[in-house]
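The next block holds one structure in the form of structure tokens; read it before the comments.
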Amino acid sequence: MRLCDHDIERWLDEKKLTITPRPPAKHINGATVDIRLGHEFRVFVGHKAPFIDLSAPKEEINHALDQIMSDKIVLKEKECFFLHPGELALAVTLESVTIPDDLVGWLDGRSSLARLGLMVHVTAHRIDPGWRGQIVLEFYNSGKLPLGLRPGMLIGALSFELLSGQAKRPYHQRQDAKYHNQKGAVASRIDKD
């Protein structure tokens, strides 16, 4: 069962679900909560590594990632990040989210942005029970023109689905939780698999 607007507000009021900063009522829709773009980005720089062998030993993967991933790019309030056609960039939500052990979250990009070619999450749109942190966005520009992105703009929406019970292995209790308490545009940690 997906939570509707008044259930989302009740869960926020009761602090079962937390979104910081708390969204104003105008950003809580029938079954979703609007989320905004944060200030941090990461991009892929140059091509010092000819490829990334995802089945290679962890050290090789980590070395390749170090060669191609930029440092954090932090924008000020009015600054604009330009995502060019065919480019992939990581960004982060302005909001930090804590999801209880009996709820799963889903991230969807905005239709208006998709119609301009912006993919907000390339594949990872599930937010596990027990998740805590900012949500990293995997932006891809599939359009024909560069897209200007500014901190604070509406970028997507979260919906929440009630599970049949408490998760036995929520994200915050997993030993292999690579992104728990995530802050900022964290790069891939595939080398931690």
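Just so you know, glycine gets a Cβ as well, placed from its N, Cα and C.
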Of the residue ranges 56-78, 171-193, the one that Swiss-Prot records as region 'Disordered': 171-193
Rounded inter-Cα distance in Å - E138 (active site, proton donor/acceptor), R110 (dCTP binding site): 14
A114 (dCTP binding site) CB neighbourhood, other CB atoms within 10 A: 14
Assigned conformation of E138 (active site, proton donor/acceptor) - DSSP reduced to three states: strand
Which listed residue (D128, E138) has most other Cβ within 10 Å, given these are recorded positions: D128
